[in-house]
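Visitor: A single structure is presented below for examination.
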Amino acid sequence: INGDCELPKVVGRCRARFPRYYYNLSSRRCEKFIYGGCGGNANNFHTLEECEKVCGVRS
């Protein structure tokens, strides 16, 4: 698994509302969350497909 996918979900400290996806280690799935627009980490993907490709999720 890509190391970025092991990072915790970080919403960020700003107040924007960008729909993003992150890899949830517990469920082993990519899940939607709302990103605030600043801060955060590399476990933050624009699309479900990108998250699944990078994190190796198998359907």
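Cβ from N, Cα, C; glycine included.
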Visitor: Which cysteine out of Cys14, Cys51 is the one Swiss-Prot pairs with Cys30 in a disulfide?
Guide: Cys51
Visitor: According to the record in Swiss-Prot, which candidate from Cys5, Cys38 pairs with Cys14 in a disulphide?
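Guide: Between Cys14 and the options Cys5, Cys38, Swiss-Prot records the bond with Cys38.
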Visitor: Could you check which of these disulfide-bonded residues, Cys14, Cys38, Cys51, sit within 10 Å of Cys5 (disulfide bond), going Cα to Cα?
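Guide: So far as Cα distances go, the disulfide-bonded residues lying within 10 Å of Cys5 (disulfide bond) are Cys51.
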Visitor: For Cys5, Cys14, Cys55, listed as disulfide-bonded residues, tell me which one has the smallest number of other Cβ atoms within 10 Å.
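Guide: Candidates: the disulfide-bonded residues Cys5, Cys14, Cys55. Fewest Cβ atoms within 10 Å: Cys14.
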Visitor: Restricting to the domain 'BPTI/Kunitz inhibitor' (5-55), report the mean pLDDT as a whole number.
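Guide: Average per-residue pLDDT within the domain 'BPTI/Kunitz inhibitor' (5-55): 97.
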Visitor: Counting distance between Cα atoms, which of the disulfide-bonded residues Cys14, Cys38, Cys55 is nearest Cys30 (disulfide bond)?
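Guide: For Cys30 (disulfide bond), the spatially nearest of the disulfide-bonded residues is Cys55.
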